[in-house]
């Protein structure tokens, strides 16, 4: 594999020599940093099992190597990447997998390491959504996830990835993470803080990642990380689990941030060792039980992961100074709720008691029940999924609801051929040889929902959202 030129500041190299355990080779570290990163994917088990996915893609000639810390994660090699980018494959468009760096699968693996079943989880720095979608899959789309993102421009990307993966149990917020300890004290069973960092571990993906690096900036970033971790720890309920992670390599942003929390709340913090997270984890283990992953150890990005438990309650932080404002939704109950549910079920949209119906003017939404106790405490950018818009003749069902809720074996399901599915993704109407009998059609491909559509004569009218329409080659094996 070809090497690429990585920019290394002298002070960074000095710092790494001091930080690296004697069991690791510094020369191997430099060599690993200059190798391009191996591509990796995570199968979305909300949509398909690992076994079924492997059977589905077997004819494609993709080479998949299991990632040891994530059962549904694989390093991938493909011969047709130039002709068909991985993100343009039908399987990616329908949410069957997420393109995710192998190291970044570690934090969620750690969060669920003891096979715990948290009902309310926060992902404090969530965009672009790889870890939020991984958490949702581990939760089976049940309970609730508060996915927060400080960057306004990245919230839209976060929502797009959540929607593509068929996730229904998520609320999105747009805050500085430092507000949550005060705003939502001891409200979460589990929290992931994948903290903003200096990014020293990502040079294999971005050779210029260290262009603006300095020891002073590391210290400034670590100060922010301590404040974020303090906030996250206050938002965690006693007995809850918190995972702190970064994609950087220095001790100041990693071990020392966690040790600061332990020193500050000595009677409340318990470090949970990660030595048995996966076979060979001990190669990256620190004396504290954290994982400090240098890139040469597992041939991946550099990463740091710490797992801890809150063993006692903490005094509350000062109340936040902001006003949440009036919540514009009202619960939908009784006859109205029954009418919506029956109409949705008739076209193949199904949900359980984990989701509750709410209404805003003509909009009908489904909110995760576990998030309802947070209403009035924070302002949401988006909550749950938009199910429908009501109109004189019934309901206009929304695309994100179809992707998350549709039953592909429903009586109105209509399976497209590969050629027809490609036309669908291009935004074109479908003219099947044998049109469906029903007027309302649940369009599927590979037994996955692509959308709800209307049959007009012998034509299926395309309803794929314009902003998602693709062109060019989309399907492996098609000419």
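From the backbone N, Cα and C atoms, a Cβ is placed for every residue, glycine too.
According to Swiss-Prot, the residue from 114, 189, 194 that belongs to the S-adenosyl-L-methionine site alongside 125, 126, 127, 128, 129, 130, 131, 149, 176 is 194. For residue 247 (active site, nucleophile), the number of other Cβ atoms no farther than 10 Å from its own Cβ, over all displayed protein chains, is 24. Here the CA atom of residue 247 (active site, nucleophile) lies 15 Å from the CA atom of residue 129 (S-adenosyl-L-methionine binding site). Other C-beta atoms found within 10 angstroms of the C-beta of residue 129 (S-adenosyl-L-methionine binding site) number 27, with every protein chain shown included. Rounded to the nearest whole angstrom, the C-alpha distance between residue 125 (S-adenosyl-L-methionine binding site) and residue 247 (active site, nucleophile) is 13. Distance from the CA of residue 247 (active site, nucleophile) to the CA of residue 127 (S-adenosyl-L-methionine binding site) is 14 Å.
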